[in-house]
Amino acid sequence: MFAVVFFILSLMTCQPGVTAQEKVNQRVRRAATPAAVTCQLSNWSEWTDCFPCQDKKYRHRSLLQPNKFGGTICSGDIWDQASCSSSTTCVRQAQCGQDFQCKETGRCLKRHLVCNGDQDCLDGSDEDDCEDVRAIDEDCSQYEPIPGSQKAALGYNILTQEDAQSVYDASYYGGQCETVYNGEWRELRYDSTCERLYYGDDEKYFRKPYNFLKYHFEALADTGISSEFYDNANDLLSKVKKDKSDSFGVTIGIGPAGSPLLVGVGVSHSQDTSFLNELNKYNEKKFIFTRIFTKVQTAHFKMRKDDIMLDEGMLQSLMELPDQYNYGMYAKFINDYGTHYITSGSMGGIYEYILVIDKAKMESLGITSRDITTCFGGSLGIQYEDKINVGGGLSGDHCKKFGGGKTERARKAMAVEDIISRVRGGSSGWSGGLAQNRSTITYRSWGRSLKYNPVVIDFEMQPIHEVLRHTSLGPLEAKRQNLRRALDQYLMEFNACRCGPCFNNGVPILEGTSCRCQCRLGSLGAACEQTQTEGAKADGSWSCWSSWSVCRAGIQERRRECDNPAPQNGGASCPGRKVQTQAC
């Protein structure tokens, strides 16, 4: 087979019209492509009992083997549900004694919260049939909730890096009327109907929900626009991954920048999948990349540590979990409410765009990537952190001539093949506009809209089972231990360590139930096994953790090996520990 390939390539070199890409391919050192691996799912589990509060039953199947190296993909989902009827009464929380119990979910409330004007039950039953409403001392109906409170209340899936359903109840106030002062309320507004200027008194104070211990508005300020330059897509991906890991304080399942990238696993695809697919189009060509990035903070917050009031939907799902371990039911709970919950963080927004630059064309124009970056970023009207100045072959006048790269024709004239934008936070109108129109007005308008439409941009978090320690629901230790055990199993089932090996410093990526290797420039093939550079250093990558050993003397351990693949030609060994222990 190899002789035939070599003969064909030899004939091609003697023919006219051979492309540059074909010449590159001729210099590629061929290696055996690993055999394709077909995706395998387990058989469906038995249906769960009918959930009486939902009138639904569930079943699941496990990912036995993700497909690799072009193998057949799996079809269908790993979760299934069906309607059902249960003869069992809807499960309630333990009896509330002298306290009030919400009709639908069984939440317990202190009597002073009944008929106080606040709806503390999701079904409003605490405010039904009230002859005398004991209103809170101060009229709180005039205050809007603090911006972003619903976002901070959500669970978080550390594998998909996506939000899950609510863990905290962001609409519960505990009978209190605590407000947060907004220092920028004095900003003048214009009422076009009445043709008058006025102060935004309605935005002077915001009401703080019970589960928020602290919330402090920040004067609108960005971190400055930074620019970074990359010679290949892999280095850029590693940096983006590291930034995402740095945004949260617990990194279970993520690992250092050199470990496998986790994207879109379980039942959904990460929002980053489209970004990776766009970037992957430029991986095998001679492109370089400039990443322009800014982060805007609008507020800091800290959540309550003890006596947490859970969202009523989560409370109901929690009460329906059996005390006996059932991975399917507990994994479904994790899939719905996240692997982790947020304990503190910052609100605001993030804006970044990546310039894909044709290196050969840029050099023929006599300009640099810094010149191009300055020309594009200057349209935002913000200073760069590294004080880039327009220079080289691209003068300020030349930049203006092409309109700052605002049209496709102008971009092509400055060697910019594509622009990949990502915007988080802000009103939908301004964030969408910023992705398409990089102007000073659009950027500043987006920044102002972040004050009242922020997302969580930096945060600390804890594993989801820890929240059960900090509620007032009573003894839940059996469920907490089951949830902890299921979380370990869930994180291993959907980990990119199951992909690979990806050779020549390729990066394994797990998308849904499919694995692929992101190859560096100069490498290609399903496993990046073909390379143009003979004897180049290739770093090692970890295998998955083994199962936990039997408990001995209160300690158990698990291991992993640096063989997925092993280092080659003097490449670096895997970072981190080979053995992990825990109390048992």
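Positions of Cβ are set from backbone N, Cα and C atoms, glycine also.
Residues annotated as Ca(2+) binding site in Swiss-Prot, with experimental evidence given as evidence: L113, N116, D118, D120, D126, E127. For D118 (Ca(2+) binding site), the count of additional Cβ atoms within 10 Å of its Cβ stands at 22 [all protein chains shown].
Remark: C39 (disulfide bond) has L63, Q65, P66, N67, G71, T72, I73, C74, T513, S514 as non-local neighbours, by Cβ distance under 8 Å and separation of at least 6 in sequence. Look at Swiss-Prot and you will find C39-C74 (among others) tagged as disulfide bond.
Cβ contacts within 10 Å of C50 (disulfide bond), excluding its own Cβ and spanning all protein chains shown: 18. According to Swiss-Prot, the disulfide bond annotation covers C50-C84 (among others).
According to its DSSP assignment, C53 (disulfide bond) is coil. Marked as disulfide bond by Swiss-Prot on the basis of experimental evidence: C53-C90 (among others).
Sequence-distant contacts of C96 (disulfide bond), defined by Cβ-Cβ distance under 8 angstroms and a gap of at least six in the same chain, are C108, L109. According to DSSP, C96 (disulfide bond) is assigned to coil rather than to any helix or strand. Swiss-Prot lists C96-C108 (among others) with the feature disulfide bond.
Look at Swiss-Prot and you will find C102-C121 (among others) tagged as disulfide bond, backed by experimental evidence. Taking a C-beta cut-off of under 8 Å and a sequence gap of six or more, C102 (disulfide bond) has these contacts in its own chain: C108, L109, D120, C121, L122, D123, S125, D126, E312. Under the three-state DSSP scheme, C102 (disulfide bond) falls in the coil class.
Taken from Swiss-Prot, the feature disulfide bond covers C115-C130 (among others). Close to C130 (disulfide bond) in the fold, though at least 6 residues off in sequence, lie V114, C115, each with a CB less than 8 Å from its CB.
Among the features that Swiss-Prot reports, disulfide bond is placed at C140-C177 (among others), with the record citing experimental evidence. Around the Cβ of C140 (disulfide bond), the same chain contributes D118, Y173, C177, R207, each under 8 angstroms and 6 or more positions distant in sequence.
Marked as disulfide bond by Swiss-Prot on the basis of experimental evidence: C375-C399 (among others).
According to Swiss-Prot, the disulfide bond annotation covers C497-C544 (among others). The Cβ of C544 (disulfide bond) has 16 neighbouring Cβ atoms from other residues within 10 Å, across all protein chains displayed.
Listed in sequence order, the residues of the same chain lying 6 or more apart from C515 (disulfide bond) and placing their CB within less than 8 Å of its CB are P66, N67, K68, F69, A496, R498, C499, G500, P508, I509. Taken from Swiss-Prot, the feature disulfide bond applies to C499-C515 (among others), supported by experimental evidence.
In the three-state DSSP reading, C551 (disulfide bond) counts as coil. Under a cutoff of 8 A between CB atoms, and with a sequence separation of 6+ in the same chain, the neighbours of C551 (disulfide bond) are C584. Per Swiss-Prot, the feature disulfide bond maps to C551-C584 (among others); the stated evidence is experimental evidence.
Around the Cβ of C562 (disulfide bond), 18 further Cβ atoms fall within 10 Å across all displayed protein chains. According to Swiss-Prot, the feature disulfide bond maps to C562-C574 (among others), an assignment based on experimental evidence.
Over the domain 'TSP type-1 1' (38-91) the predicted model carries a mean pLDDT of 88. Per Swiss-Prot, domain 'TSP type-1 1' is recorded for 38-91, and the stated evidence type is sequence analysis.
Under the heading domain 'LDL-receptor class A', Swiss-Prot lists 94-132, citing sequence analysis as support.
Look at Swiss-Prot and you will find 135-498 tagged as domain 'MACPF', backed by sequence analysis.
Separating the Cα atoms of L113 (Ca(2+) binding site) and C562 (disulfide bond) is a whole-number distance of 57 Å. C544 (disulfide bond) carries neither a helix nor a strand DSSP state and counts as coil. Using CA atoms as reference points, the recorded positions W44, C50, C90, E127, C375 were checked against W542 (C-linked glycosylation site), and the closest is W44. Cβ proximity to the Ca(2+) site centre (mean Cβ of L113, N116, D118, D120, D126, E127, cutoff 8 Å) flags the following additional same-chain residues: L109, V114, C115, G117, Q119, C121, G175. Of the listed disulfide-bonded residues, namely C84, C574, the sparsest CB environment within 10 A is found at C84. Annotation for W548 (C-linked glycosylation site): spatial neighbours D488, Q556, E557, R558, Q582, C584, criterion Cβ-Cβ under 8 Å with sequence separation of six or more. In sequence order, R59, H60, R61, D80 are the residues of the chain that are 6 or more apart from W44 (C-linked glycosylation site) and have a CB within less than 8 Å of its CB. Among the recorded positions C50, W545, C574, the ones whose Cα is located within 10 Å of the Cα of C497 (disulfide bond) are W545.
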